[in-house]
Amino acid sequence: MLEDLKRQVLEANLALPKHNLVTLTWGNVSAVDRERGVLVIKPSGVDYSVMTADDMVVVSLESGEVVEGHKKPSSDTPTHRLLYQAFPTIGGIVHTHSRHATIWAQAGQPIPATGTTHADYFYGTIPCTRKMTEAEINGEYEWETGNVIVETFEKQGIDAAQMPGVLVHSHGPFAWGKNAEDAVHNAIVLEEVAYMGIFCRQLAPQLPDMQQSLLDKHYLRKHGAKAYYGQ
């Protein structure tokens, strides 16, 4: 079942250590098949060096039950499920503890848009969620992690299609895209702009956000109705 999607998810997961987005097994990638109502995700605790397509786990999008697979799905599966349910345009999700994005998350700080590298992928400030409550932490923690992400987007009026990433306060980044490969691409860029942002803040602590017109130009020429840009 879903052999092609399993291979795509495997390759996307293997890209995480290749791009220095994970240490040990700290990360996961999934992809969704909305017609079948399932997602495919990395197994829990399996080293990337020995992971195979057969290790990928197929999970019901609605119930969270394992549909196919001989290993336990990632512990972050409930977060992935909730995000797929809340954001119907996304097809792949990545969660990492990449160093610089996690620094911003642990500081509880959003990443401001100060340059065109950021604007080419993220249409504005990359948000950081609020701290989770004691009830959320002690309850269905991974599910509530998804809820706090969705709450952040709803309260701030952010379109997940235009903002393919978020920082979870005190935790780390999630990124998404049209498929697993695209989600990894966005996670790579998120880590890069997080790195740039730290040094920008050190060099110019009062640095304002980039011009709105420049943000619009760079984002919309790649993603707008009249997109034309490509390198």
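Every residue gets a Cβ built from N, Cα and C, even glycine.
What Swiss-Prot records for G27, N28, S44, G45, S74, S75 is substrate binding site, and it gives sequence analysis as the kind of evidence. Counting every protein chain shown, the number of other Cβ atoms lying within 10 Å of the Cβ of N28 (substrate binding site) is 25.
Per Swiss-Prot, the feature Zn(2+) binding site maps to D76, H95, H97, H171. Under the DSSP three-state reduction, D76 (Zn(2+) binding site) is assigned to coil, being neither helix nor strand. Note: D76 (Zn(2+) binding site) has non-local neighbours N28, H95, E142, T145, i.e. same-chain residues 6+ apart with C-beta under 8 A of its own C-beta.
In the three-state DSSP scheme, D120 (active site, proton donor/acceptor) falls into the coil class. Around the Cβ of D120 (active site, proton donor/acceptor), a 10 Å sphere holds 18 further Cβ atoms from the protein chains shown. Among the features that Swiss-Prot reports, active site, proton donor/acceptor is placed at D120 (among others), with the record citing sequence analysis.
Per Swiss-Prot, the feature active site, proton donor/acceptor maps to Y229 (among others); the stated evidence is sequence analysis.
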Using Cα positions only, nearest of the recorded positions to S44 (substrate binding site) (H97, D120, H171): H97
Largest separation between Cα atoms (Å) of residues that the record links to substrate, namely G27, N28, S44, G45, S74, S75: 10
Candidates G27, G45, S74, S75, D120 (recorded positions) - the one closest to H97 (Zn(2+) binding site) by CA: G27
